[in-house]
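Asks: Taken from Swiss-Prot, the feature ATP binding site covers G15, K16, G17, G18, V19, G20, K21, S22. Annotation source Swiss-Prot lists domain '4Fe-4S ferredoxin-type 1' at 68-96. According to Swiss-Prot, the feature [4Fe-4S] cluster 1 binding site maps to C76, C79, C82, C111. Annotation comment: Swiss-Prot describes C86, C101, C104, C107 as [4Fe-4S] cluster 2 binding site, evidence class similarity to another entry. The domain '4Fe-4S ferredoxin-type 2' annotation in Swiss-Prot covers 92-121 and is backed by sequence analysis.
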Amino acid sequence: MDYLGIIMKIAIISGKGGVGKSSISTSLAKLFSKEFNIVALDCDVDAPNFNLMFDVKDKKLLEVIYREIYEINDDCIRCGKCLDVCQFDAIGDFKINPILCEGCGACELICEFDAIEPIKRESGYIYEGFVGFPLIWGELEVGESGSGKIIEHIKNHAKKYKAELGIIDGPPGVGCPLISTVKDVDLALCIVEPTKSSVNDCLRLIETLNFFNVEYLIVENKKGMNNINYPFKIFHSIPFDFDVPKLIANKILLCDSNSKVSESIKELYEKLKEFI
């Protein structure tokens, strides 16, 4: 599927956090960049770390994302109708809490005195950096919502590169951010670790991908950490290695290390090239 100028898009995702998704995606991005014209997108906007692993120094602010909320002005006569209609308990003492307000506009509609008006509030930011290839990532402001909207804007900014390949570090879970990330990708890599919670969450992830007709492969990370029988087919396994936390702490990509994990990720890369 060719959209936004990117010929093929691969999303690296997981049913739960902490399984090594970003560690794998950063290494795959670097490996693919040696043979393909790529753009990397970090769509885990609640906790982006792609830029941290590549230690981006000169980041550029591409866009500020706003959401619409409401505030009460001096025309308020304190009738209380807005308090009754607000479903999010965002109005107290005739002031609207900007964190709780979802911007539905019910309060403005019911107010007979034009005492409630919309305002814009910063909800997130989109940045760009270059690490041998272009990297675009988003950051959701603390306490804000609208991660799906930010992800859509990240994708729109990627179109200018007309890349052969888009490597997307997606969010964990099966919520709105995940759906915004995978709904139009060509291939999803589902990262799972040998724990019951990871397996159960991966099953939910597979169900979501099937609903949206997204092709996927399952990659086991930390193989050997625990014995477990998977209820799905494993495409590739990456071994458990005690040195991985040290490598990450020192901002060393797994593919650049002299470890068994590095060799396994390179093997995964060679297998993935067959899908391009």
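Heads up, the Cβ atoms here are built off N, Cα and C, so glycines get one too.
Looking at the shown structure, can you explain where the listed features end up?
Replies: There are 25 other Cβ atoms within 10 Å of the Cβ belonging to G15 (ATP binding site). According to its DSSP assignment, G15 (ATP binding site) is coil.
For the domain '4Fe-4S ferredoxin-type 1' (68-96), same-chain residues at least 6 beyond its ends with a Cβ under 8 Å from one of its own Cβ atoms are 102-121.
In three-state terms derived from DSSP, C82 ([4Fe-4S] cluster 1 binding site) belongs to a helical segment.
Counted within 10 Å of its Cβ, the other Cβ atoms near C104 ([4Fe-4S] cluster 2 binding site) come to 16, all protein chains included. DSSP assigns C104 ([4Fe-4S] cluster 2 binding site) to coil, not to a helix or a strand.
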Asks: Among the binding-site residues G17, G18, G20, which residue has its Cβ surrounded by the fewest other Cβ atoms within 10 Å?
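Replies: The binding-site residues G17, G18, G20 were compared, and G18 has the fewest Cβ atoms within 10 Å.
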Asks: Restricting to the chain of C101 ([4Fe-4S] cluster 2 binding site) and a gap of 6 or more, list residues whose Cβ falls under 8 Å of its Cβ, or answer none.
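Replies: The list for C101 ([4Fe-4S] cluster 2 binding site) reads I69, Y70, F88, A90, given in order along the sequence.
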Asks: Just to confirm my parser: what is the rounded mean pLDDT across the domain '4Fe-4S ferredoxin-type 2' (92-121)?
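Replies: Summarising the domain '4Fe-4S ferredoxin-type 2' (92-121) by its mean pLDDT gives 95.
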Asks: Would you please pick out, from the binding-site residues V19, S22, C79, C86, the one with the fewest other Cβ atoms within 10 Å of its Cβ?
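Replies: Least crowded of the binding-site residues V19, S22, C79, C86, by Cβ count within 10 Å, is C79.
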Asks: About how far apart, in whole Å, are the alpha carbons (Cα) of G18 (ATP binding site) and C79 ([4Fe-4S] cluster 1 binding site)?
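Replies: About 49 Å separate the Cα atoms of these two residues.
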Asks: State the count of C-beta atoms found within 10 angstroms of the C-beta of C76 ([4Fe-4S] cluster 1 binding site), not counting that atom itself.
Replies: 15
